[in-house]
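I have placed the structure first, in the form of structure tokens, so that the comments after it can refer back to it.
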Amino acid sequence: MRVILAPMEGVLDSLVRELLSEVNDYDLCITEFLRVVDQLLPAKSFYRLCPELHNQSRTQSGTLVRIQLLGQYPEWLAENAARAVALGSYGVDLNCGCPSKLVNGSGGGATLLKDPELIYQGAKAMRAAVPAHLPVTVKIRLGWDSGDRQFEIADAVQQAGATELAVHGRTKEDGYQAERINWQAIGEIRQRLTIPVIANGEIWDYQSAQECMKVTGCDAVMLGRGALNVPNLSRVVKYNEPRMPWLEVVKLLQKYVQLEKQGDTGLYHVARIKQWLGYLRKEYTEATDLFGEIRALKNSKDIALAIQRINR
């Protein structure tokens, strides 16, 4: 089976990708989206989003990384897709699933699910702009407020020439409600298409991954929030390994704080450290105590000291 690390805006930046790829066996990582409007973005925008471009589009551990684009104008998606691969990205991905109100309000992400023709035009333009040996992939949800057009959407992706399709098994309106997950619909899409389909949504452990693959018939899964809850989730899913012990998680957090300090000591990264702890609290009770201790702290140095005290 293949296991792919999902794009998660505001969460899975290059530093988190680096750490997670060190302790996992991901076959591919997708970046946070790069927003495309009506211009060709400068190279620095691509390098900022995906510093792995300097390393043949791989993390330091060797995991492949693919840039994701978000936008609604086919010609500019194409121009920026061409630049992404020219700079070294291992193909490009088109975001047609982000449920953020801010993103949707500007015509990107899940808004495209309302207009399968626009998905077709965007993916087709990107495919034409990218060399044939490199993948052009698309990530969707089942629809905007229902799954009535899921086949039309999936057909648009395949007919555009996309290499493969990742399907999150909920509509935009479903958000992340666990009870709304629809793996069966992913399976119906997989049966309909000839290109590979990747299943995404509510995969938290080995058992749920096995059940998802059984229901969908997919041999590839994409992990999102669960990859932050359980830092070694790809190994749990692939090999039925136990989840990472808490003290190993602490070592990851210690390294993360140091990486963040090297990059930016501003409140942005402090917020991301706290954000990751928020995810860890769902699986590790110890994370709740640590979160309570650092919640009021304002700089990476103080947070690092708090985390270091755990091993003493």
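Glycine is treated like the rest: Cβ placed from N, Cα and C.
Binding site for FMN per Swiss-Prot: PRO7, MET8, GLU9, GLN68, ASN200, GLY201, GLU202, GLY224, ARG225, plus LYS139 from the candidate set LYS124, LYS139, LYS298.
Of all the recorded sites given, namely ARG35, ARG272, ARG295, the one with the smallest number of surrounding CB atoms inside 10 A is ARG295. Under the DSSP three-state reduction, PRO7 (FMN binding site) is assigned to coil, being neither helix nor strand. Counting other Cβ atoms within 10 Å of each Cβ, the lowest count among the recorded positions PRO7, CYS98, LYS139, GLY201, GLY224 belongs to GLY224.
Within 10 Å of CYS98 (active site, proton donor), as judged by C-alpha distances, the recorded positions found are LYS139; the full candidate list was ARG35, LYS139, LYS274, TYR279. Within 10 Å of ASN95 (site 'Interacts with tRNA'), judged by CA to CA distance, lie the following recorded positions from the set PRO7, GLU9, LYS139, TYR176, ARG272, ARG295: PRO7, LYS139.
Using a 10 Å Cα-Cα cut-off around ARG295 (site 'Interacts with tRNA'), the recorded positions GLY201, GLY224, LYS274, TYR279 reduce to LYS274.
Among PRO7, MET8, GLU9, GLN68, LYS139, ASN200, GLY201, GLU202, GLY224, ARG225, the residues given in the record as binding FMN, the maximal Cα to Cα distance rounds to 22 Å.
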